[in-house]
Amino acid sequence: MKLWAILAVCILLLSSVSSIPLPSNWLAGKKRSHLPDPQEGEDQVFGMDGAVPEDPTANMAPQDQQTYTEIPDDYPDQFDDVLEFIQDTIKRLKRSSNKQPPSRRDRGRQSLAANTQISSKKTVKDRKRKNKGCVLREIHLNVTDLGLGYETKEELKFRYCSGSCNNPETTYDQILKNLTIRKKLVNDKVKQACCRPIAFDDDLSFLDDNLVYHTLKQHSAKKCGCI
C-alpha cells in the first residue's frame with residue numbers, strides 16, 4: 001500500500017471520529033449516569049430519600065441533549081483505537097522513509113564496482129591461462145611402473161614437465177623464430193624450444209623384492225623451462 005493511500009485512510013478515520021462533537025458537559029453527565037458500586041447498597045441507587053436520580057441531560061442545552069443521545073457508549077474507546085492506529089501508521093511511515101531505495105547515482109556506483117571486480121577476476125584468469133605454457137606436474141606411482149625393470153613395492157611422487165613453448169622465453173628464441181619464418185635458415189634445421197626439466201629432484205634409493213639396493217639419479221623433475 002502506498003504512503004499517500006495510508007495517509008488518506010488515517011485522515012478519513014480521524015475525520016469520521018471527530019465528526020461527532022462532544023457536548024460541554026457530556027463527560028460529567030457520563031460519569032453521573034454510571035451505576036453505583038453494588039457494595040454501597042440500594043439507597044445510593046435511588047437516593048437517600050427514595051427519589052429517582054437526576055437525569056444527566058436535564059442541565060444540557062437542547063442541541064447537546066440530542067447529541068448526547070446519539071453518542072455511542074464506546075465512543076472514547078473507538079477514538080483511542082483510531083489514535084493508536086494513526087500513531088502506528090506514522091511510525092511505519094518513518095521506518096519506510098529511513099529505508100529509501102538507493103539513488104540512481106548509488107546504483108551506478110555499485111554497478112561500476114561490480115563490473116570492475118568482474119573484470120579484475122577475468123584479467124587474473126587470463127594471466128593464468130597465458131602462463132600455463134611449461135608447467136611442473138606430479139603423479140603418484142610405484143617404482144615398478146617406471147618401466148626400468150625393477151620389481152618392488154616402493155612408491156614415489158614422479159614430477160614431470162608438461163606444456164608448450166610457443167611463447168619465446170629469450171631474445172635468442174625470438175630471433176630464431178623470426179629467421180625461420182623469413183626462411184633465412186633454409187639449410188639449417190632449428191628445433192623449437194621444448195618444455196623440459198632444468199633441475200631435478202634428489203636421488204631416490206630403494207630395495208627391490210630381492211632385497212637389492214638401487215639408486216635412481218635425475219629421475220624426477222624439480223623445475224621446468226623451455227630449452
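Each residue, glycine too, has its Cβ placed from N, Cα and C.
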Per Swiss-Prot, cysteine bonded by disulfide to Cys134 (from Cys194, Cys195): Cys195
According to Swiss-Prot, the disulfide-paired cysteine of Cys224 among Cys10, Cys161: Cys161
Whichever of Cys10, Cys165 is disulfide-bonded to Cys226 when Swiss-Prot is consulted: Cys165
Inter-residue C-alpha distance, Cys195 (disulfide bond) and Cys161 (disulfide bond) (nearest angstrom): 6
Candidate nearest Cys226 (disulfide bond) in space, where candidates are the recorded positions Cys134, Asn142, Cys161, Asn178 and distance is Cα-Cα: Cys134
From Cys134, Asn142, Cys165, Asn178: recorded positions whose CA lies within 10 A of Cys224 (disulfide bond): Cys134
